[in-house]
């Protein structure tokens, strides 16, 4: 009876009750509410700024295994076709199977991480990825290549979902744009330099060295995460004040707990004693449930379809540049630097623009921002805040995609397609990151599951696109193939304005239905 009740944001039920009360007060016209739209209580995360930087750095580097697993492979597509005695189209199937597995795997691992912790999920991913790459380095036939590529994707694809989930664990909506930008810079570093590294390895050490490199890289990450990565999952450690146990506990967590005991911080914040947590078996249906929500479903379809453009260009580039410019594996690998650099520039700069736009709209809506406290977004136009920044990226990415196709078709100087690749990477990444951030805002208590839904949709769409793009280029030439895709994107931008106009209303209606369902039970 005397146990203090926890009312911090890491308790979802208490938070929802508080939000309901705030919403009712708003409907009654209470003036005080406009000054109390930041939820009171302990800080959203007790991790220090320096510790947050360390966490973001680790997850950013860990997320490299996904794009590295995909893109180091690109420069040797032609070599593998000759080595295994299959056509380039069949070799491209290895990309398709990889993406299909990449779509399914996060639905299993990400759901587990939302309930049982991020550390265990990361460790499982690294073990699977290492085993798959050792197998790929030793395989000698086409069927083994396809099967092991699926296992490789299963091991690395959840890393992206986990990375974005960790950002949601430790950052509020007001600062999430910047943190997510830095965290995803690792994801986008892969497309920038992965093919170059793959080309160098293939040129001087043979194509098998690519997979040995990936196995060693993941092994180093495994050691670092086992010893030095703290648990951040809010279902396990709350805002960081609940001491983790078992596999959730790292050396850092032990040292942090020891220091906090010395400083008596635990008593002041009223953190409860650690609980023994049961392992939660992954439920992939949680990912599909997000697809059943109106606003989230539209966002996911838009996100996946627009991202497919960059993936099909990456998959087709070796074949297109070999025919148009006669480049070898190393030079083809170097050509990917342009698109990856565009992604990286967007990730490092546009996050600050997103947070600036959040502050601008907060001022317009009389919503004060308290550092370290999560804002009540119920009656805040978060859709408009995020997607306003994504619209210019959509336009730039679409124009660059069409320009790329025609310059390759007419075999202009290679500088032309490379410039187009840079702007395509910048534009696509800008739009993609804003929809990702918005989806996390809508599902911040299930961040990994929401990101798994993003992965599920974009990977299935990209798999279909990668399988079709080379036959399309041969049938109608690269110019018309990419123009057709660009026209689809020109129509698709209307979806962005549709969500900005109606998103908040859909969100409130969805919350009302959930509340009515709960009251009915």
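Glycine too: its Cβ is placed from the backbone N, Cα and C atoms.
Just so you know, TrEMBL annotations never went through curation; they're auto-generated.
Among residues of the same chain six or more beyond the transmembrane segment (53-74), those with a C-beta under 8 A of the stretch's C-beta atoms are 47, 94-95, 98, 102, 122, 125-126, 129, 133, 152-153, 155-157, 159-160, 162-163, 166-167, 170, 179, 182-191, 194-195, 197-198, 201, 210, 213-214, 217-218, 221, 224-225, 228-230, 232, 314-315, 317-318, 332-333, 336. As annotated by TrEMBL, transmembrane segment applies to 53-74 (among others).
Marked as domain 'Major facilitator superfamily (MFS) profile' by TrEMBL: 55-504.
Remote same-chain residues near the transmembrane segment (94-113) are listed as 66, 69-70, 73, 80, 120-121, 124-125, 145-146, 149-158, 160-162, 165, 233, 280-284, 286-288, 311, 315, 448-449, 451-453, 455-460, 462-464, 466-467 (criterion: CB distance under 8 Å, separation of at least six residues from the stretch ends). Annotation comment: TrEMBL describes 94-113 (among others) as transmembrane segment.
TrEMBL lists 120-138 (among others) with the feature transmembrane segment.
Annotation source TrEMBL lists transmembrane segment at 144-167 (among others).
Look at TrEMBL and you will find 179-204 (among others) tagged as transmembrane segment. Same-chain neighbours of the transmembrane segment (179-204): 52, 56, 59-64, 66-68, 70-76, 79, 160, 163-164, 166-167, 170-171, 210, 213, 310, 314, 328-337, 339-341, 343-344, 346-352, 354, 425, 429, 433, 436-437, 440, counting only residues six or more beyond its ends whose CB sits under 8 Å from a CB of the stretch.
Among the features that TrEMBL reports, transmembrane segment is placed at 210-229 (among others). Tertiary neighbourhood of the transmembrane segment (210-229): same-chain residues 55, 58, 61-62, 64-65, 68-69, 72-73, 76, 118-119, 122-123, 126-127, 129-130, 133-134, 136-137, 152, 155-156, 197-198, 201-202, 250-252, selected by CB-CB distance under 8 Å and a gap of 6+ residues from either end.
The transmembrane segment annotation in TrEMBL covers 299-318 (among others).
The transmembrane segment feature in TrEMBL is assigned to 330-350 (among others). Beyond the transmembrane segment (330-350), the same-chain residues lying 6 or more positions past its ends with a Cβ under 8 Å from any Cβ of the stretch are 71, 74-75, 177, 181-182, 184-185, 187-200, 202-203, 310, 313-314, 317-318, 321-322, 389, 393, 414, 418-419, 421-430, 433-434.
If you look at the transmembrane segment (387-407), the same-chain residues 6 or more away from its ends with a CB under 8 A from one of its CBs are 306, 309-310, 313, 346, 350, 353-354, 357, 416-417, 420-424, 426-431, 433-435, 438, 478-483, 485-486, 489-490, 492-493, 496-497, 499-500. The feature transmembrane segment is assigned by TrEMBL to 387-407 (among others).
If you look at the transmembrane segment (419-440), the same-chain residues 6 or more away from its ends with a CB under 8 A from one of its CBs are 164, 167-168, 176-177, 180-181, 184, 188, 191, 296, 299-300, 302-303, 306-307, 309-310, 313, 335-336, 338-343, 345-347, 350-351, 354, 382-383, 386-387, 389-401, 403-404, 407, 447, 450-451, 453-454. Residues annotated as transmembrane segment in TrEMBL: 419-440 (among others).
Taken from TrEMBL, the feature transmembrane segment applies to 452-472 (among others). The list of residues near the transmembrane segment (452-472) in space but at least 6 beyond its ends in sequence, with Cβ under 8 angstroms from a Cβ of it, reads 88-89, 92-93, 95-97, 99-100, 102-104, 106-107, 109-111, 157-158, 160-161, 287-288, 290-291, 296, 300-301, 303-305, 307-309, 311-312, 315-316, 319, 435-436, 439, 481, 484.
Counting residues 6+ beyond its ends, the transmembrane segment (478-500) has Cβ neighbours under 8 Å at 295, 298-299, 301-302, 305-306, 309, 312-313, 316, 320, 381, 383-384, 387-388, 390-391, 394-395, 397-399, 401-402, 404-406, 408-410, 469, 472 in the same chain. TrEMBL lists 478-500 (among others) with the feature transmembrane segment.
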Residue numbers, six or more beyond the limits of the transmembrane segment (120-138), whose CB comes under 8 Å of its CB atoms: 62, 65, 69, 109-110, 112-113, 144-145, 148-149, 151-152, 154-156, 158-159, 162, 208-209, 211-212, 214-215, 218-219, 221-222, 225-226, 229, 247-248, 448
